[in-house]
Amino acid sequence: MSDTDTTYLLRGVRVLGADPADVLIRDGVIAGIGPGVSADGAEVVDAAGLIALPGLVDLHTHLREPGREDAETVASGSRAAAVGGYTAVHAMANTDPVADTAGVVEQVWRLGRDAGHCDIQPVGAVTRNLDGAHLAELGAMADSIAGVRVFSDDGKCVSDALLMRRALEYVKAFGGVIAQHAQEPRLTENAQMNEGAVSDRLGLAGWPAVAEEAVIARDCMLAEHVGSRLHICHVSTKGSVQIIRWAKSRGCDVTAEVTPHHLLLTDELVESYDPIYKVNPPLRTAEDVEALRGALADGTIDCVATDHAPHPIESKETEWSNAAMGMVGLETALPVVQRTMIDTGLLDWAGVAERMSATPARIGRLAGHGRPLRVGEPANVTLYDADVRREVDPVNMTSKSGNTPYRGMTLPGRVVATFLRGVPTVLDGKIQ
Amino acid sequence: MRHLLSAGDLSRDEAVLVLDTAKELAQVGDRSVKKLPTLRGRTVVNLFYEDSTRTRISFEAAAKRMSADVLNFSAKGSSVSKGESLKDTALTLQAMGADGVVIRHGSSGAARRLANWVEGAVLNAGDGTHEHPTQALLDAYTMRERMGRLEGLRVAVVGDVLHSRVARSNVLLLHTLGAEVTLVAPPTLLPVSVGTWPCAVSYDLDEVLPKSDVVMMLRVQAERMNDAFFPTAREYSRRYGLDRDRFARMPDDAIVMHPGPMIRGMEISAEVADSPRSTITEQVANGVSVRMAVLYLLLGGSESAIGNQEG
Ligand SMILES: [Zn+2]
């Protein structure tokens with residue numbers, strides 16, 4: 001890792017796609033922006049043609065440590081995050097042991113700090129051991145050194161309505177938010193893929209859209225009733241979008257995220273029975289994909305979250321119903337968003353910065369991240385080359401796991417450099 | 001045709017070729033020496049992850065009648081039950097030089113997955129709730145034998161369509177062969193997108209029966225009764241069971257089929273099952289001929305199916 005005192009001059013970079021300028025990074029902050037900025041002794045980075053974005057923030061990353069270090073560790077996951085242009089990620093709580101106490105969240109937080117590639121912000125479980133029945137010590141996790149603000153039983157739905165109400169109310173005391181994995185458990189017993197024509201053809205038990213939508217509708221009503229903040233994880237259906245739009249129009253304080261894979265891939269891919277496409281929530285239809293893109297563009301869906309879910313190869317090279325659910329996503333998120341939102345004209349780069357940095361940082365109450373690239377702000381910066389195209393090959397990935405659904409696909413763009421508080425974690429695409 | 005994974009993989013010509021070849025091969029069963037040299041030197045592996053003695057024996061008899069070497073690989077008590085993955089098993093079969101693998105598996109798509117990992121032909125002998133194409137072929141064969149045709153034949157498929165690999169394969173194959181299929185079931189036992197399938201749908205068995213040339217009863221698994229797919233066995237039987245009164249409402253020459261094993265009394269009354277218009281035992285015999293035809297067409301090669309008589 002470089003010395004924090006090093007000064008960097010990003011020469012000719014496009015800040016949010018504006019005219020090329022020079023950006024000076026010194027002492028961990030942005031010290032100057034403009035044409036012809038210069039500084040003696042600065043290390044010059046030729047950034048001609050590159051886009052500068054505020055360092056990306058992920059609300060939804062599975063780092064697998066503690067418990068499944070064969071799939072990913074905090075260190076390997078934070079390296080993958082840096083390579084993907086992230087400067088902060090929220091580590092989901094469904095580890096083993098579950099991150100449901102101050103001790104576990106502090107452990108994850110320290111591992112992240114020691115690795116130093118990216119800020120690791122632990123998410124706390126809503127219920128003890130994700131049992132869905134007893135609240136975890138939310139306040140202790142909030143008060144811990146990790147300063148937890150996002151609570152989620154992700155992987156499982158908080159399906160008990162009364163418990164969900166209590167959780168929403170309780171976290172108001174410290175500005176927390178409940179991030180709900182919306183999945184009605186009875187409607188999705190044994191579910192294997194999106195319920196519809198493809199599941200019927202393939203003889204795989206269906207996962208109906210209504211199982212997600214019914215929980216979102218209920219939770220929006222609960223959040224509105226008790227005046228709490230609610231966040232909906234990985235929205236995947238058109239109906240969910242409509243419900244969230246309606247809830248926002250009523251004044252409900254609800255935010256929502258969508259994953260890159262739900263913006264690009266459809267359930268038709270499951271025809272291969274290749275479990276690389278097995279994910280929770282499942283890949284949906286082209287109509288859902290279109291609705292999700294539209295909702296991300298118009299702000300109904302607030303942000304992009306990766307739901308990075310690493311698994312070792314043997315968990316995927318098996319029969320569909322035995323295979324693990326999930327896909328890695330940190331290293332491909334920005335390219336997939338470019339392809340689905342920029343190249344389609346649905347968003348500009350300022351819109352991407354909003355949805356992949358500022359908004360997730362705001363939802364997660366993450367000070368120092370998601371800040372605009374302005375003089376005096378922390379130098380969390382991602383330099384991105386939007387003009388290249390690359391074939392995705394799991395062999396070249398930094399994550400410990402290679403379960404990417406984009407294998408063999410050509411995607412646009414490449415993260416050239418990532419700066420965390422002025423220190424490059426990635427330079428020329430390589431981890432530092 | 002390299003594998004047989006889905007009844008939908010067969011074109012009309014291919015399906016007819018299987019049925020015609022099966023007819024030719026059926027004659028072998030009538031001879032004193034029930035054996036052909038056609039697949040001598042070929043190895044067929046029966047890879048059964050689910051117990052199904054009937055299906056396994058049918059495939060085994062088919063392969064042996066054509067002189068193939070047969071290896072039975074049952075998941076129970078093998079390395080499979082010790083956690084060996086399907087892929088590792090596939091690599092083992094590959095090393096043994098299996099020319100064909102007949103796979104029965106509880107997981108939909110397992111046959112398709114296996115086909116990625118072995119060089120030999122893969123025959124789907126039932127995968128989860130997906131398909132069972134040789135069952136559909138033997139059903140079509142039986143219908144053609146009994147009714148003399150398939151084109152325009154009106155076939156009612158009755159019962160738990162949702163969980164039935166037999167129903168899925170039958171709808172695809174019978175549509176390809178020009179028959180008109182009507183699925184009859186309570187809405188809880190029909191797939192949500194059944195409206196997009198190449199068949200008609202009814203909730204009313206009494207209305208469909210008089211217009212049916214073939215009534216195919218499906219197996220109802222006991223666990224469905226405990227899971228609110230229908231209220232009670234008695235109500236199911238009243239609405240969708242084939243009893244004597246309903247049987248009387250079928251056209252005089254209409255036949256009754258069942259893939260077996262059947263639940264007498266609930267799905268079908270004993271007297272209907274044992275009537276001369278029931279094809280249940282023929283279906284078993286025809287299964288061997290059809291499976292011989294499929295093995296021959298996938299593994300055989302250039303000789304005629306009957307080949308040169310030896311002995
Ligand atoms: Zn989730």
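Cβ from N, Cα, C; glycine included.
Of the residues A:HIS117, A:HIS181, A:HIS261, TrEMBL puts just one in the Zn(2+) 2 site with A:ASP154, A:HIS234: A:HIS181. Per TrEMBL, Zn(2+) 1 is bound by A:HIS60, A:HIS62, A:ASP154; the candidate from A:ASP288, A:ASP298, A:ASP302, A:ASP307 named for the same site is A:ASP307. Listed by TrEMBL as binding substrate are A:HIS62, A:LEU63, A:ARG64, A:ASN280, A:HIS311; the candidate from A:ASN94, A:ASN322 that the record includes in that site is A:ASN94. Checking each of the binding-site residues A:ASP154, A:HIS181, A:HIS234, A:ASP307 against A:LEU63 (substrate binding site) by C-alpha distance, the shortest gap belongs to A:ASP307. In sequence order, A:HIS60, A:HIS181, A:GLU257, A:VAL258, A:THR259, A:HIS262, A:PRO281, A:ALA305, A:ASP307 make up the list of same-chain residues 6 or more apart from A:HIS234 (Zn(2+) 2 binding site) whose Cβ falls under 8 Å from its Cβ. Between the alpha carbons (Cα) of A:HIS62 (Zn(2+) 1 binding site) and A:ASN280 (substrate binding site) lies a span of roughly 13 Å.
The Cβ neighbour count for A:ASP307 (Zn(2+) 1 binding site), using a 10 Å radius over every protein chain in view, is 29. Residue density at A:ASN280 (substrate binding site): 19 other Cβ atoms are found within 10 A of its Cβ, drawing on all protein chains shown. The binding-site residues listed here (A:ARG64, A:ASN94, A:HIS311) include A:ASN94 as those with a Cα within 10 A of the Cα of A:ASP154 (Zn(2+) 1 binding site). Taken in sequence order, the binding-site residues A:HIS60, A:HIS62, A:LEU63, A:ARG64, A:HIS311 that lie near ligand 1, meaning a CB under 6 Å from one of its atoms, form an empty set. Proximity of A:ARG64 (substrate binding site) to non-local residues of its own chain (separation of 6 or more, Cβ distance below 8 Å) is seen for A:ALA71, A:GLU72, A:THR73, A:GLY77, A:THR95, A:PRO310, given in sequence order.
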